[in-house]
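Have a look at the structure below, then the notes.
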Amino acid sequence: MTMEYQNISNNSLFVRTSAVASSTVLGLCCALGVPGNVAALVMLAQHLKDDSFTPKLMLSLAVSDLLSLIFLPVWIDALLNGWVFGQGLCKLFSYVVYWSLYSSVLSVTLLSVQRYLQVLYPQRWAKLGQKGQKWLIFGIWTLSGALGSYALYYRNVKQKAGLLRCYQDYENKQEKIVILLVETLVMFFVPVFSLLCFYHRLHQRINQSVSFRSHRLTKLSVRIVVAFFIFGTPAMINNLVSMAMPWESDGSNNITGALFCINSCVNPFLYAFSARTLRCRRKQHSDQPQENLKVSKHTQTKNVHFLYSSD
């Protein structure tokens, strides 16, 4: 009996400590990420009339990150004091956060796909056109909304450890495994694999010619992958452990969830503020007017050179 009480006491202490630590991390994310993404929105909004697809996609990324960050004060209060906003807002806020997180991850993934196609297959990318590019962004948000819709059903308010909590309330083990598997695949393995694969192919293409040995995009891609691994791996490991175990650790969920949110904080610094073409080379966009695209090797070489030297 004494040993059981001690285990419960230690677990409660870990949950409380993790809540304080997670709240601190989330508070920093909110303080840095909200103004960072707002600044990115202001900067990127000036380039919406440009032909380039990159600033439009970065703008979508900044909007999704900002949406996930502005709700952090609510979750910080819920971590420390319990959920006091009712079940309806529990479902709604959770859905918006999941929607924005999926949109952020899919936008990052599409950035790598766009660079890959634009450099190695410029004709195929040109066929997409402005209308097709708009449909891509619309598709990201639509798919993200569908992927995050499970929060509207599974998020519920129940009492845990003396406080009301807004959390995923699965009806059985199978439902839990399916949801966590989707999160792990879409939010981690798919984007990381895409980033590694597409940027590796781009790097190989550059190294085929001595004149293309610019490492700017390589450094950017390394920062992207490192950020995903550092801040995403703990949450995905926690998901895999939760799928395998009959129990779930609130403390681990708090910590890994807070770490995952850091991605939304650092994204504007990784993408928007690293794009030199948005700051000082507006007249020389890498997205050439589609009617001027040529099949020749000379034109493809020019596109590769600019994309890697200006971003």
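Don't overthink the numbers, they just go from 1 along the chain as shown.
Glycine is no exception: its Cβ is also placed from the backbone N, Cα and C atoms.
All annotation found in TrEMBL is predicted automatically rather than curated by experts.
Taken from TrEMBL, the feature transmembrane segment applies to 20-45 (among others).
Annotation source TrEMBL lists domain 'G-protein coupled receptors family 1 profile' at 36-271.
The annotation transmembrane segment is assigned in TrEMBL to 57-76 (among others). Tertiary neighbourhood of the transmembrane segment (57-76): same-chain residues 23, 26-27, 29-30, 33-34, 37-38, 40-41, 44-45, 48, 85, 93, 96-97, 99-101, 103-104, 107-108, 110-111, 114, 137, 140-141, 144, 261, 263-265, 267-268, 271-272, 275, selected by CB-CB distance under 8 Å and a gap of 6+ residues from either end.
Per TrEMBL, transmembrane segment is recorded for 96-114 (among others).
What TrEMBL records for 135-154 (among others) is transmembrane segment. Among residues of the same chain six or more beyond the transmembrane segment (135-154), those with a C-beta under 8 A of the stretch's C-beta atoms are 56-57, 60, 64, 91-92, 94-95, 97-103, 106-107, 110, 128, 168-170, 175, 179, 182, 186.
Long-range neighbours of the transmembrane segment (177-199) within the same chain, counting only residues 6 or more positions beyond its ends whose Cβ lies under 8 Å from a Cβ of the stretch, are 101-102, 105-106, 108-109, 112-113, 115-116, 147, 150, 154, 168, 170, 217-218, 221, 224-225, 228-229, 232-233, 235-236, 239-240, 242-243, 260. Under the heading transmembrane segment, TrEMBL lists 177-199 (among others).
Residues or ranges marked as transmembrane segment in TrEMBL: 220-237 (among others).
Counting same-chain residues at least six beyond the ends of the transmembrane segment (257-274), those with a Cβ under 8 angstroms from any Cβ of the stretch are 21-23, 25-26, 28-29, 32-33, 36-37, 39-40, 43-44, 58, 61-62, 64-65, 68-69, 72, 100-101, 104, 108, 111, 187, 220, 223-224, 227-228, 231-232, 234-235, 311. The annotation transmembrane segment is assigned in TrEMBL to 257-274 (among others).
Looking at the domain 'G-protein coupled receptors family 1 profile' (36-271) alone, the prediction's average pLDDT is 86.
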